Amino acid sequence: MDTWTVLLILQASLVLPGAVGTRTNTRTAPTPILRFVAVGDWGGVPNAPFHTAREMANAKAIATTVKTLGADFILSLGDNFYFTGVHDAKDKRFQETFEDVFSDPSLRNVPWHVLAGNHDHLGNVSAQIAYSKISKRWNFPSPYYRLRFKIPRSNVSVAIFMLDTVTLCGNSDDFVSQQPERPRNLALARTQLAWIKKQLAAAKEDYVLVAGHYPVWSIAEHGPTHCLVKQLLPLLTTHKVTAYLCGHDHNLQYLQDENGLGFVLSGAGNFMDPSKKHLRKVPNGYLRFHFGAENSLGGFAYVEITPKEMSVTYIEASGKSLFKTKLPRRARSEHQHRRA
């Protein structure tokens with residue numbers, strides 16, 4: 001059975017419960033659900049044809065996933081344009097690496113919510129923000145910002161806080177195992193940290209996600225980002241964040257700590273790296289899944305959020321489902337108590 005057939009069967013199981021092997025005129029209301037794709041490090045190359053085979057394969061697989069399962073939006077986890085970002089809002093890379101690649105009709109009306117990676121910061125991040133006024137599907141309002149959604153046909157809410165981890169921690173070389181040493185502008189870093197601290201303290205949504213380019217935890221080439229482990233992780237833990245999503249390392253990983261906080265690493269949109277160099281730098285028991293096969297065309301994460309739980313499925317660009325996990329909705333008492 002080919003992988004696209006598997007996706008179609010999965011769609012049927014999600015949308016038409018009880019439909020197999022039974023005849024009935026009773027219609028079951030569709031499950032309230034919010035769906036999105038999370039893909040990082042997809043940004044092509046700076047020379048013709050300005051994309052890679054992996055990026056093209058991921059674009060095709062994302063389109064197939066959207067057609068079969070649906071998606072309300074796509075979350076871009078940074079490194080949108082290799083290797084030195086873009087020059088201005090009219091840079092041809094927007095067309096050649098983004099518009100012409102993610103061009104399937106199924107993707108034309110799916111919005112992208114974007115954040116910057118370290119390679120984007122080697123160019124003009126303000127130009128990527130300005131491109132939001134040119135492309136109807138490119139949404140990048142500011143270096144860091146909040147997204148808020150309601151799960152359709154429910155009162156259940158989801159918040160996603162999009163961070164600029166490069167401004168927060170400093171830049172680094174994506175192809176060398178190098179930690180960001182210090183923020184270029186300490187005042188901007190402190191302002192952003194104060195913002196996310198205030199936002200998380202006030203967050204009353206049923207699911208709270210935080211996204212940034214650099215990982216908190218990673219077993220791969222770059223490993224854990226010391227700056228985020230020190231400054232961001234305590235906030236994620238204190239405020240009962242559901243999951244942190246990131247890229248930077250060029251593979252797929254899922255980690256989960258002793259508090260149930262999930263770490264979704266999806267950095268396989270354009271390159272693949274099998275490194276497990278920092279396996280011993282991550283606490284024992286955190287790693288649940290790692291995929292970095294060099295002969296793979298990469299992949300992405302597909303997230304589904306219902307009133308009951310959030311599921312994360314890692315999908316290879318071939319269409320194969322690699323790993324799936326579930327995270328619970330935040331307990332009402334947790335965030336209501338913090339508001340009291």
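Positions of Cβ are set from backbone N, Cα and C atoms, glycine also.
As given in Swiss-Prot:
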SIGNAL    1-20  signal peptide
BINDING   D41, D79, Y82, H250  Fe cation 1 binding site
BINDING   D79, N118, H213, H248  Fe cation 2 binding site
CARBOHYD  N124  N-linked glycosylation site
CARBOHYD  N155  N-linked glycosylation site
DISULFID  C169-C227  disulfide bond
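Structural mapping of features recorded in Swiss-Prot.
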{"residue": "N124", "record": "N-linked glycosylation site", "Cβ contacts under 8 Å, 6 or more apart": "G85, V86, H87, D88"}
{"residue": "N155", "record": "N-linked glycosylation site", "Cβ contacts under 8 Å, 6 or more apart": "none"}
{"residue": "C169", "record": "disulfide bond", "Cβ contacts under 8 Å, 6 or more apart": "P180, R182, P183, A189, Y214, T225, C227, L228"}
{"residue": "H213", "record": "Fe cation 2 binding site", "Cβ contacts under 8 Å, 6 or more apart": "G40, L77, G78, D79, L115, A116, G117, N118, D164, T165, V166, C246, G247, H248"}
{"residue": "H250", "record": "Fe cation 1 binding site", "Cβ contacts under 8 Å, 6 or more apart": "D41, A220, E221, G267, A268, N270, F271, M272, D273, G292"}
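Counting other Cβ atoms within 10 Å of each Cβ, the lowest count among the recorded positions D79, C227, H248 belongs to C227. Classification of H250 (Fe cation 1 binding site) by DSSP places it in coil, neither helical nor stranded. For Y82 (Fe cation 1 binding site), the same-chain residues 6+ apart in sequence whose C-beta sits under 8 angstroms from its C-beta are G43, G44, V45, P46, H119, N270. There are 23 other CB atoms within 10 A of the CB of N118 (Fe cation 2 binding site), with all protein chains counted. Within 10 Å of the Cβ of D41 (Fe cation 1 binding site) there are 31 other Cβ atoms, across all protein chains. Under the three-state DSSP scheme, N155 (N-linked glycosylation site) falls in the coil class.
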